[in-house]
Amino acid sequence: MLYYILRYINELYSLPGMGVIEYLTFRASAAAITALLIIIFAGQRFIRFLKSKFVEPIKEEAPPEHRKKKDVPTMGGLMIIFAIEVSAFLWAKIDDPHVWLIMLAVFWMGLIGFIDDYQKVVLKVKGGLAGHYKLIGQVTLGLVIGFYTWNDPVFSVLLSDTTVPFFKKLSVDYGIFYIPVVIFIITAVSNAVNLTDGLDGLAAGNAAIVTFALGVFAYLCGNAVYSGYLSIPFISGAGEVAVVSMAIVMACVGFLWFNSSPAEVFMGDTGSLSLGSAIAVIALMIKQELLLPVLAGVFFVETLSVSMQVAWFKISKKLYGEGRRIFLMAPLHHHFQLKGWAEQKIVIRFWIISILLFLTSLMTLKLR
């Protein structure tokens with residue numbers, strides 16, 4: 001909204017320096033700063049409110065170290081969502097479909113996560129929202145995103161094609177499977193971030209790194225010169241994705257101000273599902289979803305560890321009459337906790353891995 005107001009003022013009065021509002025880098029930086037300041041200045045008061053109403057009980061099967069977190073409030077994802085939506089509304093071109101589709105994804109999956117958290121914390125429903133209802137929410141979002149991008153002329157330029165990392169001129173056409181692929185990616189990534197949200201700062205830090213990388217890709221895809229030089233598809237309007245991406249990055253960083261160990265607040269499913277859906281939608285819009293197993297490798301491995309644990313437990317029960325485990329506990333971060341690793345060490349090492357994967361993803365721009 002500020003973009004349109006300042007642009008209108010500039011057209012009327014031609015004030016010196018006002019033309020900077022047209023620069024993506026300026027608006028991306030402004031959105032990032034706005035998101036960060038919203039959380040830092042409103043965070044403490046909001047945490048006090050959450051603590052009076054929304055303290056989630058610690059699961060019995062959780063590692064012993066988690067017992068000391070019994071009084072930490074959840075639903076901190078509401079702060080993240082508010083900061084993202086306000087920052088994007090102020091600094092991005094909100095009439096651009098890239099922008100409002102990301103904002104829709106953040107809001108919708110945040111709502112699903114909120115219902116889940118509310119049932120667990122307030123209504124004391126064990127396990128929260130039933131898994132099939134979450135799945136319905138994810139599929140609904142996937143259908144909306146899929147059908148809209150398939151039919152809207154802004155997106156239909158590339159139709160259902162997507163790029164393949166490490167290959168210069170190779171692309172994949174999903175064809176009639178485009179919408180199922182969209183649904184799968186949104187569901188998989190939102191669940192992956194949700195599974196990773198188990199240690200102080202783990203999900204927020206990794207989400208910030210992954211989204212920053214996607215923001216860089218969005219900026220390059222939205223620039224005809226850079227995209228041509230790097231042999232990646234030029235996507236008109238993708239630059240606005242970079243503005244929203246930076247808002248998400250700094251909303252996560254601002255949240256880390258309170259969520260780093262020892263955490264004062266947890267994001268809950270409210271935050272993890274919304275961040276995961278945002279990452280998925282951004283990747284889909286800039287045709288980098290096939291890069292996610294590399295870029296979002298930490299989320300991918302965390303999810304894989306759960307799948308392997310469950311599968312082997314069921315298989316071994318049939319083979320040996322008792323369920324056996326590959327890991328001490330899944331997701332993987334809990335395995336390392338039970339092996340004696342300090343929580344902060346696990347989180348920082350996972351951040352380092354995400355940074356390495358981010359750099360590897362950037363290398364794919366030239367390794368083609």
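Each Cβ is built from the backbone N, Cα and C atoms, and glycine gets one as well.
Annotated transmembrane segment per Swiss-Prot: 23-43 (among others), in sequence order, evidence recorded as sequence analysis.
Same-chain residues lying 6+ beyond the ends of the transmembrane segment (72-92) with a Cβ under 8 Å from its Cβ atoms: 1-3, 27-28, 30-32, 34-36, 38-39, 42-43, 46-47, 50-51, 53-56, 99, 102-103, 106-107, 110, 113-114, 117-118, 121, 204, 240, 243-244, 247-248, 250-252, 254-255, 258-259, 263-275, 278. Feature annotation from Swiss-Prot assigns transmembrane segment to 72-92 (among others).
Residues of the same chain lying 6 or more positions beyond the ends of the transmembrane segment (98-118) and with a Cβ under 8 Å from any Cβ of it are 54, 56, 74-75, 77-78, 81, 84-85, 88-89, 92, 128-129, 133-134, 137-138, 140-141, 144-145, 148-149, 154, 186, 190, 194, 237-238, 240-241, 243-244, 248, 268-278, 280-282, 285. Annotation comment: Swiss-Prot describes 98-118 (among others) as transmembrane segment, evidence class sequence analysis.
Residues annotated as transmembrane segment in Swiss-Prot, with sequence analysis given as evidence: 139-159 (among others).
Taken from Swiss-Prot, the feature transmembrane segment covers 170-190 (among others). Packing against the transmembrane segment (170-190) from elsewhere in the chain are residues 105, 109, 135, 138-139, 141-143, 145-147, 149-150, 159-164, 272-273, 276-277, 279-281, 283-284, 289-290, 292, 296, 299, 303: each is 6 or more residues past its ends and has a CB under 8 Å from a CB in it.
The annotation transmembrane segment is assigned in Swiss-Prot to 201-221 (among others) on the grounds of sequence analysis.
Per Swiss-Prot, the feature transmembrane segment maps to 238-258 (among others); the stated evidence is sequence analysis.
Among the features that Swiss-Prot reports, transmembrane segment is placed at 281-301 (among others), with the record citing sequence analysis.
Sequence annotations record features per position, and here Swiss-Prot assigns transmembrane segment to 345-365 (among others).
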Stretch contact, the transmembrane segment (238-258) with the transmembrane segment (345-365), Cβ-Cβ under 8 Å, 3+ pairs: no
Close approaches to the transmembrane segment (281-301) from elsewhere in its chain (Cβ under 8 angstroms; 6 or more beyond its ends): 98, 101-102, 105, 145, 149, 155, 158, 161-165, 172, 181-182, 185-186, 189, 192-193, 195-196, 206, 210-211, 213-215, 217-218, 221, 232-233, 235, 238, 241, 244-245, 332, 350, 353-354, 357-358, 360-361, 364
